[in-house]
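Handing you this structure, nothing more for now.
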Amino acid sequence: MDVAAYRWKPPKTNYLPHNVDADDPIIDELENIPLTRADDRENAIFFNKMKFAAQEYGIVRPKGLTVSYHATSDMEKHHFGQTHPMKPWRLTLTKSLVTSYGMPFAMDNYHTRPATYQELNSFHSKDYLDYLATAAPEDQPRDADQAERETPFNLGGSDCPLFHGLYDYCSMSAGTSLDAARKICNKQSDIAIAWGGGLHHAKKSEASGFCYINDIVLAVLELLRLYPRVLYIDIDVHHGDGVEEAFHSTDRVMTVSFHKYAPETFFPGTGGLDDNGPKSERNPGAHHAINVPLHDGITDEQYESLFKNIIGAVNERFRPSAIALQCGADSLAGDRLGRFNLRVQGHGACVRYCKSLGLPMILFGGGGYTPRNVARAWAHETSIAIGADKNIPEIIPEHTPWREHFIHDTLFPSLEQSMQEVRHNRNTEKRLRDIVTHVHEQLRFVSIAPSVQSTIIPPNLGPIREEVENRLREEQEERNEGLRRVREEGIGQAMEL
């Protein structure tokens, strides 16, 4: 008997670690150029250009809808490592596009605080958090030269390295998503945007797939304090395994993941069509996990049709009270890790459809390893959230910071501009029809919404949160004189004709 065949084997890494000469046409010379910081004078000049853009493009606050934007610039300066695909400065490029179009004037903008230890502990185990907070940074992943080296909690390897400022980065990422959830629960926002979140692979006591803290789970737990049922949708190219696992045994959350499925070669190797939650019918979570496994090369038209069909049926049967939508941009054409043929427009169509359902919604970030296209997608989806997607020009504004990093001057690059060669589409129409048929059959076993009961309510962290936020509010008020003057100018306010 071959004993080695029965030993546990860690999942394959998401990328070829430390191969700076990788033969990939998507990796270009701009990827590792540091982004410079503007001084006060440059910021003042840019702010005036941003105001002018908002007026020129007709960027106003949507009527009957409040959209909020949750971010902290301190996340952007962190670095996973020279050759690691995750580049936090993709958030900088996203911000450069969102602000250049003048979109902040149509939203409530929040500079979020880091999540507290107690907030992280509402899902993650204490042992894991303690190790994450105290582990010393390592400049070289442990498996770079010795594949068998120990990586406690899956930390320290090529996928999840121990980089400088790791715990702070994780706390800030979770803080953006928690703040978004709080604004939804407090009825201060109808659509809350947290592009710094969306790290869907992290488990209760384990890092996975570039994800250390599962901010989505933390945010959904917050939503469950108010909303009876939450629909989680994942359009990342990777299976949303961490979120699915966290809510495996509850009927108050339904998870729907659209992803590439190739269990032998593509991370994380889970999310088959028949993976529908617990096998026991007595478990409340049975049939509450929907997986849409796809092959390379799916197109905008196929993806949008599949998405509308499945999410429409889920909405009709499950009747969610709120939506958590993970907008991982590695499903875009030309991504360093993804292999789909989706354009920015096809990706954004999913956000547009979810918005049309009229439910409170959080938009999370997620994967995305070609930063310029991540920024394009999330800026476009921000414009959809505020209803300005028909207003803004396709050509990226001339005053956009770091404009040269986008290579092409359009918000909507063609497939040929995004990659040297379009991927072969391996998704047949018959296969897609079979997926739809399977999902509709699965939904027949889901209890009709009114029978779902809120038997489990997450812990209340209100007193801790209020103390921290009151202090931050006092500090913010001291800096708000300039903001008051801008509001008095009426920029971003819809005017009566």
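The count begins at 1 with the first shown residue.
Each Cβ is built from the backbone N, Cα and C atoms, and glycine gets one as well.
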Pick from 394-419, 446-471, 472-497: which range has region 'Disordered' per TrEMBL?
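Feature region 'Disordered' in TrEMBL: residues 472-497.
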What is the maximum Cα to Cα distance, in Å and rounded to a whole number, among the residues Asp159, Gly209, Tyr369 annotated as binding substrate?
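Between the outermost Cα atoms of Asp159, Gly209, Tyr369, the distance is 13 Å.
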May I have the list of same-chain residues other than Asp236, His238, Asp330 whose Cβ is within 8 Å of the Cβ centroid of the recorded divalent metal cation site, in sequence order?
Val237, His259, Gly328, Ser331, Leu337, Gly338, Gly366, Gly367, Gly368
Compile a sequence-ordered list of residues in the same chain as Asp330 (divalent metal cation binding site), six or more apart from it, whose Cβ lies below 8 A from its Cβ; state 'none' when nothing qualifies.
Asp236, Val237, His238, Arg336, Leu337, Gly338, Gly366, Gly367, Gly368, Tyr369
Just how many other Cβ atoms lie inside 10 Å of the Cβ on Gly209 (substrate binding site)?
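Taking every protein chain into account, the count is 24.
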